Amino acid sequence: MTVDQSSPTTLRRLSMRLAEIRDDTDDDKLSAGFLLVATVLALVWANIGDSYETFWHTPVTIQIGDYSVGLDLKHWVNDGLMTLFFFVVGLEVKRELTIGELTDRARAAVPLLAAIAGLALPAALFLVLNPSGDEASAWGVVVSTDTAFVLGALALVGPRCPARLRLFILTLAVADDIGALAIIAFFYTDNLRLGPLLLGCVGLLLIMQLRKLEVWRGVAYFVVAAATWVAFYESGVHPTLVGVLIALILPVYPPRRSEVERAGELTRAFRQSPNSEYARAAQLGVLRAVSVNERLLRFYQPYTAFLVVPIFALANAGVVITGQTLADAARSSLAWGIVLGLVVGKLVGITAATAVFSKLRPGSLPPGLTLSQITGGSALAGIGFTISLFIVDLAIDSPELANDARVGVLTAAVIATVLGWALFRLSDWRYPPTKAAGLTLLRPVDLARDHVRGPADAPLTLVEYGDFECPFCSKATGSIRDVRAHFGDELRYVFRHLPLDAVHPHARFAAQASEAAAAQGRFWEMHDHLFANSDALAEDEIFGYAAELGLDMDRFEEDIRKGEYLHRIDDDELDAESSDFRVTPTFYLGTTGTELTRHSGPYDAATLIGQLEESRDADTTP
């Protein structure tokens, strides 16, 4: 599953082109669009003759010596090609567990509990209608959510600024994927054979050993991965899980400064003496600086989004739709159990778990994310599709029952989308925004979290969303200094992050550095240093400022490398996205304890002082 990225192969160029398309487009809508088109094509193809079934049941045998594996095309897609899909899912899960959203228990608690409820209740409701028989074995069909479809639907029918809801659903989806993978592994494995399984485990150990031996050629990994896939196939464990297991044993880590610097040295050596030895060393240096998880995720994600999953949909979503088919599905407890589990189970399970937890722990929901929005998102979570259709193929042998199940999955997806749209529109009608988005501060000042300069109980508050590399923000520091001098202890000043990566390439690293300094009680000193040198924020220069401040450099570097404080920078950026602004500096001001309003116009000291005095006078006027 590992690739050699040292040469511009056709495969790599295609991956880069797909990634460019994804980056230049709303990728949620685009990937969902590919999936929807493939589904429609499958339905049309299945209803214009017998060629659909004939094509996908074409037998294909691969033989090496005396050993052969023979499957029809559909099962080569489901058992073979989908291994790549589950490999990418595994990479995403490993990343989130190691350096992503699931590392912060407080942030992840609500979506994790919601995901558990969204797994358990749908299965329970399904089993109410299908307590026994062949139908009962399909309970796993209702447990999973199709992330691509849900995010695409959210972009189309969701609230105007869904940034926090999208993050909630993404975190929930990762936990959901973990549950679905565990269910496939433990409940849909038949006739386990220990001999081949042990050989498969040896294959996984070999892949780990290749990493330790620093073998970089992709062909070596492909051969071992293919042999491991065959071993798992022969063991009775579904072979797609090989993709997950390989992904979970691959390392993921933030770039290490020493390795980045080493890569730079090797690249400079190649520029000075361009030869094959230095070229290879420079390539390996760059590869080592970035975790294999990140490289492979970037490489394979476009393939799974735009090729693998659409091909899977094309092979599995084809249902012959006739009056008799629909009548059979309408009378089928299997189809209705799937609809009940996905549509009602996901909606009630996720919403109820979120409501209960947020009541028990007030403030556990991010600011700007309401229960009514989560209700709409929970309805969209009823779009099961990819893994639902995948489990249909695992759980059901009868073609008639499989047909009923597919009709149930497709029906649930349509109902969930319409229901989500209706709930979002109902929320907009019941809770219309009292002011235009972003005219008041979305997230109140939190003394335990925010960086506050001045007395905590000062009667006036000034909040800035700033970028350390922004020349206008740097200029504004003089105005803010004059404003603070004017009001003295009557004003508290709060700084929040809004790095504009597109125009300020060093801003995000500078924001991380300020947070790493804050962990040592030196945020404001670093803040002042960074703004005083806003045109000199290269990594080495920032480390120099940290040394000048006398920070513990080992701790400072480790905090930055691990990305310990990226979450709070992301939170500040989500404020800006939800409040519909993307310029720096942006100020909110007013009297403490009231809604702070966004400042518009010049931000010289005289103007800011005038606005703050107006706020104070208005608050004291009887």
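Cβ atoms are placed via backbone N, Cα and C, with glycine included.
What you are looking at is a predicted structure, and each value in this text was computed from that prediction instead of being measured.
These features come from TrEMBL:
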{"type": "TRANSMEM", "residues": "30-48", "note": "transmembrane segment"}
{"type": "TRANSMEM", "residues": "76-94", "note": "transmembrane segment"}
{"type": "TRANSMEM", "residues": "106-130", "note": "transmembrane segment"}
{"type": "TRANSMEM", "residues": "136-158", "note": "transmembrane segment"}
{"type": "TRANSMEM", "residues": "165-188", "note": "transmembrane segment"}
{"type": "TRANSMEM", "residues": "194-210", "note": "transmembrane segment"}
{"type": "TRANSMEM", "residues": "215-232", "note": "transmembrane segment"}
{"type": "TRANSMEM", "residues": "303-322", "note": "transmembrane segment"}
{"type": "TRANSMEM", "residues": "334-357", "note": "transmembrane segment"}
{"type": "TRANSMEM", "residues": "369-392", "note": "transmembrane segment"}
{"type": "TRANSMEM", "residues": "407-426", "note": "transmembrane segment"}
{"type": "DOMAIN", "residues": "430-617", "note": "domain 'Thioredoxin'"}
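Distant neighbours of the transmembrane segment (165-188): 28, 86, 89-90, 92-93, 96, 100-102, 107-108, 110-112, 114-116, 118-119, 140, 143-145, 147, 150-151, 154, 158-159, 237-238, 240-241, 244, 350, 366, 369, 373-374, 376-377, 380-381, 387, 390-391, 394-395, 574; these residues of the same chain sit at least 6 beyond its ends, with a Cβ under 8 Å from one of its Cβ atoms. Between the transmembrane segment (30-48) and the transmembrane segment (136-158), the number of CB pairs under 8 angstroms, six or more residues apart, is three or more, so the stretches are in contact.
334-357 is the stretch from 76-94, 136-158, 303-322, 334-357, 407-426 with the greatest number of Cβ pairs below 8 Å to the transmembrane segment (106-130). Scored on C-beta pairs under 8 angstroms, the neighbour of the transmembrane segment (76-94) with the top count among 303-322, 334-357, 407-426 is 303-322.
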